[in-house]
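See structure below.
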Amino acid sequence: MISRIVLTTGLLLVLIGLWGMLTHRNILRIIIGFSLMGTGTHIVIVAIGYVANGTAPIIDRALSVSEATSRAVDPVPSALAVTAIVIGMAVTAVMLAYAIRLYECRKTLSIDAFTESKW
Amino acid sequence: MVEGLLHPLNIFIVGLGGGFLIPLFYRLGKSWTAAAFIVALAAMTLISGYALFVLLNGAAPTEILTGGAKPPYAINLRMGLAESFFAFSVNLVALFGVAYVARERYGTMLLYLLLVMGIQGMVMTRDLFNLFVFLEIVSIATYGLLGLRDAHAALSATFKFLMATVLASTFFLIGTLLLYATTGILNIDELIAKRASITGPIGFAALIFLLACLLLELKPFPANGWGLDVYETARSDVAAMISGGVSAGVFFALLKLLPLFEDQLELIAALGAMTFVFSNLIGLQQTNAQRLLGYSSIGQMGLLTIAAPLLYRLNADNAMFLVVGGLFINHLFAKVGLFWLAGYVGKERLQDWAVLARRPGAILTFGILIVAISGLPPFPGFWAKWQLVMTLAVGDLYVWIAIVLVGSLLEAAYMFRWFGLALNSPAEADGVSHGQADLFPIFGMALLLVVSGYVAGKLAGLAALWAYMPLAAGLVLYMLARLPSRVQYLIVLVLVTVGGGRLILELSGISFLFAMLLLAGGLVLSIACLARTDRRSGFYPLLAVMLLSLPALPRATTSLEFIFVWELITLSSYFLILQRTEAASHALQYLLFSLAAAFFLLCAFAVLHAQTGSVSLSALRVAGPDSAPVFVLLAIGLLIKAGAIGVHVWLPGAYAESDDDVSALLSAVISKVSIFGLLVGTYVAIRSDVSLNLALVVGWIGMLTTLAGAMLAARQDDLKRMLAYSSMSQLGYIVAAIALMSHLGWVTALYLAANHLLVKGILFLVAAAIILRTGKRSIVELGGLAGVMPVTFTAAAIAIVAMSGLPPLAGFGGKWLLLSAMMEKGWYGPALMTLLATFVGFIYMARFIQAIFLGPRKAAHDALAEAPISLLIPQTLLIAGIFLMSFFPKLLITPLSNAIDPQFASTLVWQGMSLEMIYGYWNPVPVMALAVIASTILFGLFWLLQRSGWWSAIANAEIGGTRSSLYKGLTTVFTVLTPPWAGALWGGLTEATTSSAERIRILYTGNGQTYNLYILYYFIALYAAAGGVRHLWAGVD
C-alpha cells in the first residue's frame, strides 16, 4: 500500500515536471520542471524496491539468511537512486550554469529569445 | 606483465585516473598537463588496439568482472571483437584530435578525456544501469565541451541540446527501472536470455522507453532540431567528437540491445529510413557548412539504424561486421575529418570555402572526405553499402534498397555541390585563418580512410590488385605534381601504356577488343593534352586514373569489380570536368546521373545475386527466364549513362562545358563504357522470356535518341554543343544495333562504336583547335577557316564524311550493316528512322563544314595559324584508323565476329549464315564502287544546280542572308519536334525536391521548448507504432 502511494506520487511528480517544462517559458522554471521529473523518478526507484513490512537488507539478528529474500527491502534500487541523484544534481548544476550564461548575453530568461539557429 | 598493463579495464583506470591527475599536473606546469593528457589518450588507444589485435588473432573476448562477484550480481564489462573495433577507432580519432585540444585549458583536456572514456564505457558495459551512468558521463562531458564557445547562438544551442538529452536519458532511466521492476535483472546478457519473460504493459513500456532514449540520442528526424543546432554552432572539433564519438557509443548501445527489440526491428529500420531520407533531403537546402555536416551526420546514423536491425532480422552475421563496421568507420573518419576541416577553413558559408581552391593538399583531402562520405570507392562506405544491398536483396527487401540508394543520391548531391563551390567561387583575398599544422589530423583521417577502405575491399571480396592499379598510378602522378606538365604527361603515357598493356594481356574476345579500343583511343586522344602547358592542378593524376580505369572495366569478372571500376571512371571523369571551374554545375549533373545509373546497375547485380547466389558476371549468361528485372535494371542504368532520350539532359552540358581535351575523351572514349555494359548486359536478355519485347523497346529508344539528338544538333549554334548532341545521336545508333541481339547487330554495334570513337575524337579536337585559335565557340561567328587551317579542315572533312555515312568511308559501312541487320530482323520502323536520322545528320554536318570552314572569312581570322602539332598528331592517327576501317573492314570485322561467336554459340538466334555471307552484306569493293559512282553523279547534279543558280533560288530565298531559309525552315521544324520536355521534367523534379525540403525544414523553429515537445510526440508515436495502444486497453481491463 505504502509503496503504491509512493509510486503514484513519483509518477505524478514526473508528469508535473514534464508539464511544467513544456508550459513555462522561463528557463529557470523549465529547469525546475526537469528537477521535479528527476525527483519523481528517484521516488519511483525507491518505491519499486520497497517490500511491505520489510527491513533494511542487512543480515544480522533482525534478519536471518533464510528470511533475506522475503523480508529484506531490495537494496539495488536504493543504490540506483543514490547514483541517479548524484547525476541529477550534476546535470541541474550544468543547466543552471548555462542559464546564467544565457541571461548574461540576452538579459532575459525567456526560452523564446534563444532561437538563433533554425532550419 | 604486459598482458596486465594492456588489460581493457585499464582504459577506465587511465581515463578516470588521468582525469583526477590532470588538475595536479596543472600545478606543475602547462606542458605537464598536455603531456599527461596525451599519454593517457595514447595509452587508451594502445590498450584497445592491442585488444583488437589479439581478438583478430582468435583470442576469446575478455570479460571484466567488478565488485568481486559474478554477473548478474555485479557489473561486468566485455571486450569482444566488435567492442574493441569501436573503441579502437574512437580512440584513434580522439588521439588525432589532440592537436586541437592540447592547447586548451586543462579543464577542456579533462572533459575530453572523460568523454572518450565514457564512450568506451558505453561500448563495453554489459549492465543496463551502468550504461546509463556512462551515457551521463558522456553527456556531462559534452555539455562542458560545448561551453567552449561563447557565441550566443552556441549557448542557446547547447541549452537546447541539454534539455533534449536530459529528457532522453530520463527515458532511459525510467526504462531501466521498469525493466528491473518486471524482471529483477539489470544485466544485459541475462535480459537477452530471458527476453521471453519481458511481457505485459510494464515490460513493454520499459522496452519502448529504452528504445526511445537510444533513438533520440541518435537524433532522429523530426525530433532532432537540438542536435542540428549544436552541430552548427559548436566548436568544430567538439562537433566532430559528438558526431563521430558520442554517436558511436549510443549506436553501439543500440546494437547491443537489439535482441531485446526483436518485435520492433522493422519499426527501428523504418525510423532510421525516415531520418536518412529526410536529413539528406533537407541537407540540399543548407548553406552553412557545419549545419550541412550536421544533417549528413544525422543521416549517416539513420543509415546505420536501417542496416543493423534489418541485417539482424536476416541473421546475416557475416555481413553485419562489414556493413555496420564499414559504415561506422567511414562515417567516423570522414565526418570527423570534415568537421575538423570546417574548423581549419573557419568559414560558415559554403561558397566561402573557395579559400581552399589554391591549396592542392587541402583540396585533395577535402575531395577524399567528400567521396568517402558519399559512399563511393575506394572507401569503406562503398564496400559496406555494396554488402548491404546484396544482403538485403537476398532477403527480398527491395524497398529498403531503394530507400538506401535514394538517400545516398541526395547526400552525394549536396556533398559534391559543396565541393564544386570550394573550387568554383571567385578567388577571395582573405585566406584560411589557421596554420598548416591544423591540417595534419585531417590528412590522418584521409589516410585512415584509404587504409580502411583497402581492408574493407578485401573483406567485401575484391582481392584483385589490378583493380587498384588506376589509383596507384594516380598517386604516383600526384607525388610528381611539381614536374613540368609535359613531363607529367609523358609519365602518364608510360604508366598507362605499361599498366593498360598488362591489364589487357589476359583478356580475350569482346572484352579484349573493348579494352584495346578504350585504351588505344584514350591514349591517342590524350596526346591533345600537350596543347596546354599551363599548370593544371590535379589534371594528370586524374587523367592517369581515368585512362587506366577504362581498360580495367572489361577486365572485371565479378559485379563488385565492375561497379568498383565503373565508379572510378565516373569519379575521375567528374573531377576532370570540374577542372574547368565554370563547368561545376554541369559536372554535378553528370555525376548525379552517373551515380543514378550506377545505382541501377547495383540493383541489377543485387537481383542477379539473389537469383543465382553468385557475384560473378558470368552468372549473367546462365540467368534463368525470370531474370527480366535484371535486364530492365541494367538497361535503365546503361541508357542513363549513354544519354538516351529523356535522360540525356546531363550530356550536352558535360560534353560542351568541360575542357576541350576532356570533351574529346568524354565523348569519344568514356561514352563507350556504357556500350560495353550494354553488350555484357544483353546476355541476360537473350535468356529471359520477355527479352524480345524489351529489346524492341530498347531499339526504339535508341532510334528516338538518334533522331532527337540529330535534330537538337542541327539547332545548335554552339560548336561543342552541336558535337555533344551529335554524340548522343550516334550513340543511339549503337544502342539500337545492340538491341537487335543478333550476330550481325552486334558486329554492327562494335563497328559503329569504333567508328564513332575515331570520328568524334577528331571532331572534338577540331573544335579544340578552333577554340584555341579563334577563342570563339559560336558557329555564326566563324567562317572561312579552311584557308588558314587547311590540315584541320581536311581532318574535319574526313571525319564528317566518315560519320555521315557517305561513301567511301567507314560510316557508310556502318549504316549499311545497321540497315541490313534491321531488315533481317524485320525492324522496318527503326530502319526507316535510321534513314530519317541520317538525313537530319547530313544537315548539321554540312552546316558544321560550311559555316566554319567555307564561306566568307571573317576579317579577324586572317592572322590565324594552323592548329598546334599536339592536336594534329592525334587527329592524324585517328584518320589512319578511319582509313583502315574503311578499306580493310575485315581487319576489324573478323576479330569482332570471332569474339562474338563463342558467346552466342548456344543461344544464337542467328541461323545458317556463315561469316562469308555477312561480308556479302559488306564487301567493300563492289558496293563501294557503286556508291562512289552514285555519289559522283549526285555531286555532279548538285554542282550543275548550283552553277545554274537554281540552288540559291531554292535554298536562299532571302538574298544576302548568311543562313539559308531552307535551314531556317528546317530548324523551325526541328524545334517543334523536339520540345524541351526532358529538361522540364528534370527541372520540375529538382524544383519539387528542393521546395519540399524547404517546406519540411520549417519544422525546425529554433525553439528549444518546441523541440522538447517533438521529443515527447516522438516517444508517443513510437509507443503507438510499436503496438502500445493494445497494452493500454489491457491495462484498463
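Even glycines carry a Cβ here, placed using N, Cα and C.
Annotations in TrEMBL come from automatic prediction, not curation.
Per TrEMBL, these features apply:
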type	residues	note
DOMAIN	B:126-410	domain 'NADH:quinone oxidoreductase/Mrp antiporter transmembrane'
TRANSMEM	B:161-186	transmembrane segment
TRANSMEM	B:238-261	transmembrane segment
TRANSMEM	B:267-285	transmembrane segment
TRANSMEM	B:361-377	transmembrane segment
TRANSMEM	B:560-578	transmembrane segment
DOMAIN	B:560-839	domain 'NADH:quinone oxidoreductase/Mrp antiporter transmembrane'
TRANSMEM	B:590-610	transmembrane segment
TRANSMEM	B:630-651	transmembrane segment
TRANSMEM	B:692-714	transmembrane segment
TRANSMEM	B:723-744	transmembrane segment
TRANSMEM	B:750-772	transmembrane segment
TRANSMEM	B:867-888	transmembrane segment
TRANSMEM	B:925-945	transmembrane segment
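Panel annotation: around the transmembrane segment (B:692-714), residues 628, 631-632, 635, 639, 642-645, 648, 652, 682, 685, 722-723, 725-741, 827, 829-830, 833-834, 836-837, 840-841, 843-844, 847, 970-971, 974, 977-978 of the same chain, lying at least six beyond its termini, place a Cβ under 8 Å from a Cβ of the stretch. Same-chain residues lying 6+ beyond the ends of the transmembrane segment (B:723-744) with a Cβ under 8 Å from its Cβ atoms: 639, 642-645, 648, 651-652, 654-656, 663, 667, 671, 674-675, 678-679, 682, 685-686, 691, 695-696, 698-699, 701-710, 712-713, 716, 752-753, 756, 759-760, 763-764, 767, 803, 814, 817-818, 820-822, 824-825, 827, 830, 834, 837, 841, 844-845, 897, 900-901, 904, 908-910, 913, 918, 921.
In terms of C-beta pairs under 8 Å, the stretch of B:267-285, B:361-377, B:867-888 lying closest in packing to the transmembrane segment (B:560-578) is B:361-377. Same-chain neighbours of the transmembrane segment (B:590-610): 376, 386, 389-390, 392-394, 396, 398, 401, 405, 408-409, 412-413, 416, 559, 562-563, 566-567, 570-571, 573-574, 577, 619-620, 623, 627, 629-631, 633-634, 636-638, 640-641, 647, 649-650, 653-654, 674, 677, 681, 684, counting only residues six or more beyond its ends whose CB sits under 8 Å from a CB of the stretch. Within the chain carrying the transmembrane segment (B:238-261), a Cβ under 8 angstroms from the stretch's Cβ atoms is held by residues 82-83, 86, 89-90, 93-94, 97, 112, 115-116, 118-120, 122-123, 126, 131, 134-135, 138, 142, 145-146, 148, 188, 191-192, 195, 198, 207, 210-211, 214-215, 217-218, 230-231, 268, 290, 293-294, 297, 301, 304-305, 308-309, 312, 324, 328, 331-333, 335-336, 339-340, 342-343, all 6 or more beyond its ends. Counting only same-chain residues 6+ beyond the ends of the transmembrane segment (B:161-186), those with a CB under 8 A from a CB of the stretch are 72, 127-129, 131-132, 135-136, 139, 142-143, 146, 194, 197-200, 202-203, 205-214, 216-217, 223, 226-227, 229-230, 1008-1009, 1011-1012, 1015-1016, 1019.
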